[in-house]
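Presented below is the structure to which this report refers.
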Amino acid sequence: MIKILSAQQIRALDAYTIQHEPISSIDLMERACRAFVGWFTERFDETQKVAIVCGTGNNGGDGLGIARLLKMWGYPVSVLLIRGGTDTEDFKTNLERLKGKVEVIEIASTDSDLFSRYDIVIDAIFGSGLSRPAEGIQAAIIQQMNQADVIRIAVDIPSGLQTDKLSQGEIFKADFTISFQLPKLAFFLPANHASVGEWCLVDIGLSKAFIKEISSSHFYLTSKYIRRILKPRSKFDHKGTYGHALLIAGSYGKIGAAVLSGRALLHAGVGLLTLHIPQCGYSIVQTSLIEAMVDVDAHEHFLTTLPSLDKYTTVGVGPGLGQDALTIKAFGKLLEDFRKPMVIDADGLNILSANRELLRTVSPGSILTPHPKEFERLVGKWSDDFDRLEKQKALAKQLKSVVVLKGAYTSIASPDGMVYFNSTGNPGMATGGTGDVLTGILTGLLAQGYSSVDAAVTGVYLHGLAGDLAAREKGMISLIASDVIDFLPAAFKKAMA
Ligand SMILES: NC(=O)C1=CN([C@@H]2O[C@H](COP(=O)(O)OP(=O)(O)OC[C@H]3O[C@@H](n4cnc5c(N)ncnc54)[C@H](O)[C@@H]3O)[C@@H](O)[C@H]2O)[C@@H](O)CC1
Ligand SMILES: Nc1ncnc2c1ncn2[C@@H]1O[C@H](COP(=O)(O)OP(=O)(O)O)[C@@H](O)[C@H]1O
Ligand SMILES: [K+]
């Protein structure tokens with residue numbers, strides 16, 4: 001799991017590394033420059049004409065160092081320098097080291113067309129030291145960089161983008177952001193995608209001991225972390241070891257949701273599965289999910305009655321349920337009677353939004369899986385992505401449950417204020433039914449005894465990984481929810497390898 005640190009914590013991390021490794025600040029900067037150049041030279045050849053736009057802080061210092069190294073590699077490089085503010089010591093040193101090696105053009109206005117003779121523009125104006133929106137000459141140059149017909153690459157973070165709070169004003173629109181060691185919170189928020197582009201991390205040897213010790217409430221999920229959670233099977237395990245899940249899903253015209261969810265639940269490793277469905281779904285489910293048992297509702301078309309709940313380890317509820325008055329009543333009774341953690345999705349969430357008194361009865365430790373529209377119904381409109389994140393944390397705390405907000409970088413908020421951003425998944429999964437698949441996986445993991453947070457984190461990761469493996473074979477456009485289920489076994493194998 002990778003910690004996501006605030007701008008202030010990143011500064012402290014830099015300072016700690018310098019003091020305790022120990023390494024001089026300029027040598028650390030040189031390491032950052034080399035790491036950037038390592039990434040760059042693997043992708044672009046020496047025919048590319050490169051402009052590096054530098055400010056006068058340490059991000060600008062990085063830019064100058066990168067210019068010197070790229071020149072050594074044989075790239076045609078120019079530095080465009082924007083004066084203003086105080087020059088940092090490492091900036092000054094790197095400017096000195098550049099003398100006679102690379103052309104440095106000081107730019108004081110944007111009158112001329114600065115970028116038409118370049119193929120690639122590297123942005124080193126502001127890094128994590130940005131303290132207010134870019135304005136004046138910096139803003140005008142960022143604007144011109146954004147309009148130029150070039151490949152845009154940001155050093156550490158796009159200039160103008162705040163690391164951990166709402167950004168305003170002109171922001172560099174990177175095709176690639178090469179970030180030093182740790183990702184920034186800003187990278188995970190939808191509104192920043194156009195600025196951050198495709199991002200990657202390069203290791204610059206910042207203190208691992210400091211990173212381990214420092215507290216953070218934001219994390220980025222890694223395969224290593226998931227492998228540690230997943231439990232291998234033991235010789236004498238039997239189906240009772242892995243729980244009996246009850247899935248309440250489907251209504252007339254939406255029995256497919258129950259089938260998708262149920263299939264995923266079985267492949268997630270549950271011991272036993274019973275589906276509770278309306279009568280119209282009986283033959284469909286019995287023929288398509290032969291491993292599952294079926295309990296039939298009193299109603300032909302939707303949920304109105306509940307089976308006896310005692311024997312179930314956990315419940316997954318919501319996909320394709322509909323919102324008939326009788327369904328709402330049965331759902332309310334389910335929340336009241338089943339006091340163990342359960343997974344609530346789709347119409348389960350919509351019913352909660354429309355019948356807010358039911359929120360009080362959500363069993364602590366449950367997992368709620370809204371997509372952004374369902375989340376808006378639950379918490380109201382948000383003013384920006386940071387506000388949305390706060391609302392997600394608040395709901396998790398209020399319900400003492402895990403709130404999984406689905407989308408790119410699905411975020412998982414735990415009741416104790418932690419947020420985990422998922423690293424798997426792709427836009428091929430933006431297709432009907434993939435959410436139902438996730439509900440099945442999460443219910444399956446809860447049934448097997450994983451804690452709610454572990455089940456949510458692991459399930460979201462595996463769901464995305466299955467989607468990635470499916471997309472590799474089928475492509476994103478043709479990918480359907482069933483493909484995600486088909487690749488779930490491969491995802492489990494890969495995650496546990
Ligand atoms: N030893 C270190 O501290 C290392 C720092 N590194 C680089 O240093 C960067 C951070 O450097 P700095 O802290 O010097 O800051 P920046 O280079 O990000 O910012 C430059 C300066 O601009 C000022 N400023 C902020 N917002 C402004 C605005 N809107 N308009 C005008 N001026 C503004 C700031 O006060 C700061 O002095 C990182 O992003 C990274 O690129 C790397 O070299 C790795 C090592
Ligand atoms: N652009 C994307 N990147 C990664 N994952 C995505 C993307 N779009 C959708 N997904 C994933 O697909 C699933 C969609 O769920 P949902 O909207 O509930 O679908 P449905 O209700 O049709 O089942 C979520 O798990 C979401 O994270
Ligand atoms: K930058």
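Even glycines carry a Cβ here, placed using N, Cα and C.
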Of the candidates Gly428, Gly432, Gly433, Gly435, which one does TrEMBL list alongside Lys406, Gly407, Ala408, Tyr409, Thr410 as binding AMP?
Gly435
One of Asn58, Asn59, Asn192 listed by TrEMBL as binding K(+) at the site of Asp123, Ser159:
Asn59
Does any of Ser128, His371, Gly435 have a Cβ within less than 6 Å of an atom of ligand 3? These are the binding-site residues; tell me which, or none.
none
Hey, of Asn58, Asn59, Gly61, Asp156, Ser159, which of those binding-site residues are within 10 Å of Lys406 (AMP binding site), Cα to Cα?
none
Relative to the Cα of His371 ((6S)-NADPHX binding site), which of the binding-site residues Asn59, Asp123, Gly407 have a Cα no more than 10 Å away?
Gly407
Taking Cα atoms as reference points, rank the binding-site residues Asn58, Asn59, Asp123, Ser131, Ser159 by distance from Tyr409 (AMP binding site) and give the first.
Ser159
Candidates Asn59, Ser128, Asp156, Lys406 (binding-site residues) with CB under 6 Å from ligand 1, in sequence order, are Asn59, Ser128, Asp156
Spatially, and counting Cα to Cα, which of the binding-site residues is closest to Gly407 (AMP binding site)? Options: Asn58, Asn59, Asp123.
Asp123
Who sits close to Asp156 ((6S)-NADPHX binding site): which same-chain residues at least 6 apart have their Cβ under 8 Å from its Cβ?
Ala32, Asn59, Asp62, Gly127, Ser128, Thr177, Ile178, Ser179, Phe180
